[in-house]
Amino acid sequence: MNLIPTVIEQTNRGERAYDIYSRLLKDRIIMLGSAIDDNVANSIVSQLLFLEAEDPEKDISIYINSPGGSITAGMAIYDTMQFIKPQVSTICTGMAASMGAFLLAAGEKGKRYALPNSEVMIHQPLGGAQGQATEIEIAAKRILSLRDKLNKILAERTGQPLEVIERDTDRDNFKTAEEAKEYGLIDKVLTRNIDAQK
């Protein structure tokens, strides 16, 4: 059962009920709290574009608690974050793994955060193939190409040499919030909401 809380707000016209995500969107906060698939990506991309249209100068925050998911869906979010004019701040709550970690690092440099007990996990892309040998070969070449692309972007986003990223993403690599900061995946560990403004 997926229960979405409702928030009642007083306005000069009376009361207005919002689902919690719509209310947060009014404050330019987007929640990424699930595995990343095409539906989730379309929702996040739509929210980013909507907030840019509302105010292209004001920052947007994405709160991430995600095990990762589809590379192509994640890249749609990543490309939109880079494409829009507002700066996008990212905040890890709980876990940012795989594509979730990639999107966490994709936030505006200086505005990438994690809460103290959150974890970040990086690794190489996962995939599988079946069918004729030529189809398996095509799939293998594609996933190796995706791995190279993701590693190059992570190297640029973290400031780590490409060889370090390649080594560290060879297997699941879990980091505490503080370790993620030292590695360059985030810029600051937040203990209170006001820390982000400093």
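Residue numbers in this text run from 1 along the chain shown.
Cβ coordinates come from backbone N, Cα and C, glycine included.
Annotated features, as they stand in Swiss-Prot:
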ACT_SITE  S98  active site, nucleophile
ACT_SITE  H123  active site
- Under 8 Å Cβ to Cβ from H123 (active site), same chain, six or more residues apart: give me those in sequence order, or none if nothing qualifies. S98, T169, D170, R171, D172, N173
- Message: What's the number of neighbouring CB atoms sitting within 10 A of the CB on the residue listed as 'active site, nucleophile'?
- Response: 26
- Note on the structure: Per DSSP (three-state), H123 (active site) is coil
- Let me know the DSSP-derived helix, strand or coil state of the residue listed as 'active site, nucleophile', please. coil
